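These notes concern the structure reproduced below.
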Amino acid sequence: MSRTRRQWLGLFLALFILCLLYRQRRSLNKYHAQSTTTPINEPIDTPDVLTPDIPKPEFQNPDFPSEPPVDKSHDTIWSRLPIRHLVVHSLPPPNQSRLGMPKIQASDSSFSQITTWFQKSRQAAVKEAFGRCWESYKWLAWQTDELAPMSGLPSNGLGGWGVTLVDNLDTLWIMGMRSEFDIAVKAVVEINFETTQSSEINTHEINIRILGGLLGAFDLSNDRRLLNKAIEVGDMLYAAFDTPNRMPITHWDLHRAARQEEQFAEEMASASELGSFILEFTRLSQLSSDPKYFNAAQLIMERLAQMQDLTRLAGMWPVVLNARAEVYDGDFFTLGAEVDSLYKTLAKADMLLGGHIPVYRKMYERLTRTVAGHHLFRPMTHDNRDILVPGSIRVMMTQNGKPRTLLESQVHHRACFTGGMFALGGALFGIPTHRKIANKLVDGCIWAAQSMPLGIMPEVYETVPCASQTECPWNEWHWKQEVWKSVNASPEPDPDMDIDAYIRDHHLPKGFIAIPDTRYNLRPETIESMFNLYRISAREDLLDTAWGMFESIQNTTEIINGNAALADVTTPTEEPVHIDSMESFWMSQTLKYFYLMFSAPDALSLDEYVFNSAGHPLKRPETEWIQ
């Protein structure tokens with residue numbers, strides 16, 4: 001290409017980019033009339049107090065009031081849509097009475113005030129990181145689902161309803177960014193949930209991120225516009241339950257539903273997608289006085305409870321379920337992707353329902369007995385750490401037709417939620433052994449992160465299981481043998497391999513036998529569990545560990561337009577390889593949990609709020625606490 005043509009091409013591209021920025025600024029100006037914003041390259045003002053004052057909603061009754069507290073006159077296609085398959089037995093929601101429940105958060109005296117105030121600068125750093133990402137989203141991808149931070153381009157993979165916008169309403173409020181919150185609410189009110197750019201939507205993601213985001217923001221701000229939008233979204237999602245067996249469609253063509261075509265539940269649906277509606281639908285029924293949402297979600301949970309002991313691994317559900325035939329005969333049982341949201345929900349549902357429905361405690365206790373007995377193992381470490389990590393189980397059928405369980409020692413980053421799950425459930429239901437398990441699981445995820453040269457846990461790794469959880473001395477020869485077995489179990493075995501060279505070339509830390517997925521997708525599960533455990537146990541060493549983790553993540557993922565996922569956390573380098581991805585949960589969960597980790601303990605107390613699977617705080621019923 002000639003020099004002249006290159007100059008003309010460069011000029012054209014520059015003009016094109018200027019046009020895009022001009023259009024984006026015009027879109028934002030109508031929301032900016034009453035506020036100012038902070039430039040990306042300047043720190044964001046932090047309030048003088050450690051934690052912003054979080055006003056309590058005027059509507060204090062967490063049960064089902066006799067009069068709706070909102071204006072339900074806003075008519076949508078979803079509120080008018082006739083229901084083909086009605087609920088045969090309507091379940092009355094818990095009302096009026098409140099059961100005594102134990103407090104789960106450590107007493108205020110357990111937290112060191114000196115330590116708490118020391119966290120102010122750390123909290124400010126987290127807020128600054130959030131502010132940079134938020135500004136980039138506003139200027140480059142406003143009202144779209146997500147920003148691709150490297151290219152600066154918007155993406156709409158979750159329906160085109162501004163997932164990042166809705167997902168971060170409560171984060172803005174929690175961090176004291178009230179003018180930004182007001183701008184965001186005005187934009188959210190304009191979202192049209194009657195149509196979508198997508199051929200189908202993931203109802204699970206819309207439920208936990210958008211409906212959960214609206215409910216969480218309402219519970220903090222008491223802005224009735226948000227509850228009205230939540231009812232719109234709830235009515236839309238409710239239409240996905242209109243199947244012959246009332247099981248929801250998780251990958252849903254809402255255009256067909258709007259045309260009133262017959263719908264059927266899927267033959268292949270993930271357990272997580274089916275079983276994670278109960279928190280949001282319960283809270284929506286509590287706030288709207290309409291029990292239909294609670295009924296829809298509760299019916300699913302009761303069916304899952306009926307099948308819990310009838311699967312190939314009693315107490316758990318396989319990754320894939322046949323929702324249409326209600327057959328759950330899969331052979332793979334994990335704590336990672338595709339099931340995590342379901343398992344997170346069980347103890348939290350009991351919290352949100354005030355202990356009125358005993359099935360959730362039973363489901364939690366049955367689940368955790370199986371998990372503790374099959375999935376959790378102690379990895380062999382070079383310093384003999386007393387930790388646990390969650391693996392997966394595959395159930396094989398022997399020749400005589402009896403099941404045999406096989407532990408797969410691959411650990412998924414998403415499975416790090418289990419430490420927080422055991423911490424919450426142990427405190428809620430008074431199970432002391434669960435507190436010990438929670439500590440070991442959280443320490444296991446911290447160990448995995450600190451073992452990597454970048455200080456960040458990869459998406460998936462494999463380690464050597466110890467024969468016993470009580471004693472496990474380091475054995476270098478055994479570790480290398482397991483690495484050799486892993487390589488030679490692959491489609492391209494190499495029995496004559498130089499094991500030391502392989503370990504060096506693949507950057508395997510001691511104790512790791514494989515790292516199938518070296519990425520870090522800005523995930524929140526480790527800090528989420530650390531936050532839950534810290535609030536329940538007041539374990540102060542977690543604060544310094546969390547700060548070191550935040551610095552590692554920030555130092556390696558920060559780019560000009562926010563933060564980008566990492567391609568490889570196993571290679572020490574001054575220039576990390578980034579992926580053009582910044583999913584909404586980076587701001588709505590990862591940074592939110594870091595911020596709350598360094599907040600005063602009474603900020604969003606676990607005795608007052610329950611966090612849904614996407615990190616949105618839902619107000620718990622007022623309870624008479626028991627000792």
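Any Cβ shown, glycine's included, is placed from N, Cα and C.
What TrEMBL says about a protein is an automatic prediction, not a curated fact.
Looking up CYS445 in TrEMBL gives a disulphide bond to a cysteine among CYS133, CYS416, CYS472, identified as CYS416. Of all the recorded positions given, namely ASP340, CYS416, CYS445, those whose Cα is no farther than the 10 Å limit from the Cα of SER613 (Ca(2+) binding site) are ASP340.
Sorting the disulfide-bonded residues CYS416, CYS445 by the number of other Cβ atoms within 10 Å puts CYS416 first. Cα distances from ASP340 (active site) to the recorded positions GLU205, CYS445, GLU459, GLU525 are smallest for GLU525. Of all the active-site residues in the list GLU205, GLU459, GLU525, the shortest Cα-Cα distance to CYS445 (disulfide bond) is found for GLU525. Cβ neighbours of GLU205 (active site, proton donor) (same chain, under 8 Å, six or more residues apart in sequence): LEU158, VAL163. Minimal Cβ crowding within 10 Å, among the active-site residues ASP340, GLU459, GLU525, is found at GLU459.
When the alpha carbons of CYS416 (disulfide bond) and GLU459 (active site, proton donor) are compared, the span between them is 11 angstrom.
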